[in-house]
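**Q** Okay, so Swiss-Prot annotates it like this:
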DOMAIN    129-185  domain 'CBS 1'
DOMAIN    189-246  domain 'CBS 2'
BINDING   283, 289, 334, 335, 336, 343, 458  NAD(+) binding site
BINDING   336, 338, 341, 511, 512, 513  K(+) binding site
BINDING   339, 374, 375, 376, 397, 398, 421, 422, 423, 424, 425, 458  IMP binding site
ACT_SITE  341  active site, thioimidate intermediate
ACT_SITE  443  active site, proton acceptor
């Protein structure tokens, strides 16, 4: 065996330690193994890994301001958004969420026309003045009027002629005792002249006309007698009942809707815009993709002056930065944290949600782009943690799926009530409902599957306990958030975003939950997992 002048064996015979460079200089070992210190990017933390540290406070929870930015231009009084899932958000949920101070995002697992129709239902559900009221003609039948009233959930219609002039009004009172549904509207309606208001009437003047004349509907006409709007007493009542309601400049409820990137995505988006949607959510499982970035950019350039555009979902700083560069008005964060999502075990991909939010915020905050935390939220405290990590709003799925307003099927099991809840990557969602076509496959870039048995699901189907009306659930969730703001001395969400965390151990998590006792009475905001 040959030796060099140093007395060491030839270098070809050396077994080199992974912690020693060839030049003889030692290097620190890589804690996770291997020789690349960047192979494991960082420690990933989620909601159960941290707690918010209490701080000096003069904040009373009841006085805390929970308003926060959903997008660059839209601010919600309650920082909660319902998820675009077919067992969570359709028009009924979207209406209830907006009335509670949040907003609903309509799912896209239905035909384009139906989704656009749901947008119209939300926008028509209440308004300071309906600027394009549903109308009928004198020669329409009572059956046709009844169908229109049922579709839009209204109790009467103005009657106009071919020139748009108001000639009468027909309400439930006119039709209630009519047996012959083939009768024409002209035979039954209350004919002009009617109590009307002129264009530009103030809210107080309109309310005065309604009160003095003891009527529920006040048509608004121009100088030529043509119908230009409709004011109803119900809208004044709803304003009093829901003071936190999220509304546009015309007094209509705000609503969002999900779109994809393949197939009919562009046609769908344009129909939704025409229907009056306020926010378009380009909703995919992986938004750090050229198709998604191009869709966000195209929507911003084509209709960005009419709607806000949200991009998602992402879990890294670079992905969030890419959406910001594409022009997104908000970035939605969450790859695999949802209770019904299996992406992290099927694909092995994702990032724990607290870390994902922190990373996305690092890219979005300098650009003034809000972050939406989507998924993994099980308790009201998780919402507070998500916002403290830098998110501006939280998107909820399982927490709302059990409410009366959710479209999931009501199920009875051993005398207890549940509602169905499934991931949009589940086989059921990608196969459609009741044999109907599925429009959610492209969310997981699976729209090219040749047959349904070739689908690779990234979600499951399940059930959640029935929770009653949405208003009660939102009250508990916002109550928990307000409590967190009190503990941390945060009068606003923006201050809460500066709160500090403490990392906890599994023993700390066990200590955080009720322990060493048998629960005898369930609390409305806590349940054992």
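Quick reminder: no glycine exception, Cβ is built from N, Cα and C everywhere.
Explain the structural surroundings of these features, please.
**A** Looking at the domain 'CBS 1' (129-185) alone, the prediction's average pLDDT is 91.
Residue 335 (NAD(+) binding site) carries neither a helix nor a strand DSSP state and counts as coil.
Within 10 Å of the Cβ of residue 339 (IMP binding site) there are 19 other Cβ atoms, across all protein chains.
Under the three-state DSSP scheme, residue 341 (K(+) binding site) falls in the strand class. Counting only residues at least six positions away in the same chain, the Cβ atoms of 375, 423, 425, 458, 459 sit under 8 Å from the Cβ of residue 341 (K(+) binding site).
A sphere of 10 angstroms centred on the C-beta of residue 443 (active site, proton acceptor) encloses 27 other C-beta atoms.
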**Q** Among the binding-site residues 335, 343, 511, whose Cβ has the fewest other Cβ atoms within 10 Å?
**A** 511
**Q** Under 8 Å between C-beta atoms and at least six apart in sequence, can you list the same-chain neighbours of residue 512 (K(+) binding site), or say none if there are none?
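**A** Residues satisfying the criterion: 51, 504.
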**Q** Sequence order is fine: just name those recorded positions in 289, 335, 338, 443, 513 with a Cα within 10 angstroms of residue 397 (IMP binding site).
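**A** Close recorded positions: 338.
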**Q** Sequence gap of 6 or more, C-beta under 8 Å: which same-chain residues meet both conditions with respect to residue 283 (NAD(+) binding site)?
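**A** Looking at Cβ-Cβ distances below 8 Å from residue 283 (NAD(+) binding site), excluding near sequence neighbours, one finds 84, 105, 108, 258, 259, 260, 312, 313, 332, 443.
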**Q** For a three-state summary based on DSSP, what are the helix, strand and coil counts in the domain 'CBS 1' (129-185)?
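**A** Counting residues by DSSP class gives 16 helix, 16 strand, 25 coil.
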**Q** Could you tally the C-beta atoms, other than its own, that fall within 10 angstroms of the C-beta of residue 513 (K(+) binding site)?
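**A** By my count, 11.
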**Q** According to DSSP, folded down to helix, strand and coil, what is residue 283 (NAD(+) binding site)?
**A** strand
